[in-house]
Every structure is written in C-alpha cells, then in structure tokens.
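Here it is: the structure, laid out below.
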Amino acid sequence: MVSTNISFFTQMERSLELGNMTRVQEFVLLGLSTRPGIRNALFAVFLTLYLLTLLENTLIIYLICSHSELHKPMYFFLGNLSCLEMCYVSVTMPSLLLGLWTGPCHVPFTACMTQLFFFISLICMECTLLASMAYDRYVAICHPLHYPLLMRPQVCLGLALSSWLGGLLVSVVKTSCIASLSYCGPNVLNHFFCDVSPLLNLSCTHVALTELVDFISAIIILWGSLLVAIASYVAIGRAVLCMSSAVARRKALSTCASHLVVVGIFYAATLFIYARPSRIEAMDLNKVLSVIYTVVTPMCNPIIYCLRNREVQAAFHRTLHCSRS
C-alpha cells in the first residue's frame, strides 16, 4: 500500500514537472556560417544566386506561356517546375540571407512551423513532378504514336495537380506531428532554415511516432517517385538500344540527358538526408547538402533543362528580336 502511494506521488511529481516545462516560443537559427569574416562575401554570392534563379525561372515561364510552339506536355511540366523552383528557393533563401547579414536570427515558433510546412510541401511536389516528367519522356520515346493520347492536356493537368495536392497533404501530416512535439530547450538550430532533422534533435519528448511518419512519407514520396523515374529510364534505355539509327538514338538521349542530370543531383542530396528516420548529427554536412538542393539545383535547372533547348532558344531569340523592333 505504501509503495503504491509512493509510486502514485512519483508519477504526480513527474506530471507536474512536465506541465511546468516552459515551451519554446522561438528558435535561433545559427545560419550557414557564424564567422563574421566570410558572411558578407557569402551574402553577396547567395543574393546574386537568388536573383539569378528568380530571373531564369521567370523567363522560362514567360517563354512557355507566350509562345504557342512551346505549348507541349514537356514544356507544361517545365513551366510547373520553374514555378515550383521560384517558390522553393523563396522559402529558404530569405532566412539564409538574413542569417548572413545579421548573424544568428530569432524565428518565432509559428513562423518556423510555417516555413517547415511550405518547405516539406515543395520538396514533395518536386519529387512527384520529376517522376511525372520522367513518365512523359518514357511515353514520348517508347510510345510515340500514342503520345498525343496518353499525354493529352487532361492527363498532364491531372499529374501536375496530383503533385501539388499530394505535397500539401504530406506536409500537413508531417508538420502537424513535428509541431505537436514538446520543445523545452535548448532552442538553437544549427541550420539556415527550419528543417526536419534539426527540429527533431531539439525535441524533449519521444519522437518515435514522428520518425515513423517521416520514414513512411519518405518511402511513398521519395522512393516511390524515384522508382517511377528509374523504371521510366530503364524502359527508355531499352528502347534506345533497339533503335537502328544512330541519329535517332542521339536525339532520344538528348531529350533525356538534362532531366537525368537534375534527377541525379536532386535525389542524391535529398535521399541522403530524408530517406532515413534517424536524427542526423553531422549538421555541417546537412547544411552543405541542403544548399545543393535548395540553392544550386533551382538555379541550374533552367540552364540544364531549357536554356540549352533549341526550341526554347528560338523562342528566346524571337522575343529579343520583337523587343528590339
């Protein structure tokens, strides 16, 4: 009886201690670098990259919308990707630039969760959109006669909408789980934006359920879309090998090479960080990899995809000619 009472009071004390824990009201982002000597130089570099990314993707969207010869499924997906990249880089880059300009910055809890929500949404959208683009190239090369039917506007619109809505749905679930965790200090994030792994490292409660949700979503979104892309390119490779004309093989490969490069860069960095549920301790490596897919990839995608494309180049030259005349 006495031991039962002692156990009861012990549980009550623990409950009171948990109830008296001060919930973190804000987080401190250390930023990309805490060394004042290089922050100014990095600020100039990343501001230039940010503006260049916005300019490139805005140009791609304008060219696709204003030239009827670019109203094709491939360019429809590229336009969606450019719009996605502009949103994507605008979610993480402002906090990166602020950290480089002022040093470690304070971010309210609600603002941090909002940034996390949009970041997860956009990264999931990009995964599924890249898979849709791989499927588009598969149909174009392996089933060219059925391409107008299989990739008609209704199908393209459905694939794009499923990418956007699917990303939002996954982000609602993941962000809700992370926001429901208890954060009772410390509140310092060794990162330049509110990301999943740094937040899990700060939680003072069990994160098993959240890590399970993170793991399941990684399997469905990351691995699922990657398998679609791999299956599409395996089928494309077989079809190319069966082509008798060397010119046809080069033409087929040229339409896929740019997408394959972007897929490789994006998934290599993303899967390393998010494909496993365990917390990542090497945060400096985490920040470097995050720069690759949040800054470098959005800037390089328009160059790799479109600005080297002959149809896009022709549309760009016509636009310049019209503006001069």
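Please read every residue number as a count from 1 along the shown chain.
Every residue gets a Cβ built from N, Cα and C, even glycine.
The feature domain 'G-protein coupled receptors family 1 profile' is assigned by TrEMBL to 56-305. Positions annotated as transmembrane segment by TrEMBL: 41-65, 77-101, 113-135, 155-173, 215-236, 257-276, 288-307.
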Grab the pLDDT values for the domain 'G-protein coupled receptors family 1 profile' (56-305) and give me their mean, rounded.
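Mean per-residue confidence for the domain 'G-protein coupled receptors family 1 profile' (56-305): 86 out of 100.
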Counting only residues 6+ away from its ends, which parts of the chain sit with a Cβ under 8 Å from the transmembrane segment (257-276)?
123, 126-127, 130, 133-134, 137, 196-197, 214-215, 218, 222-223, 226, 229, 233, 286, 289-290, 292-293, 296-297, 300-301, 304-305, 308-309
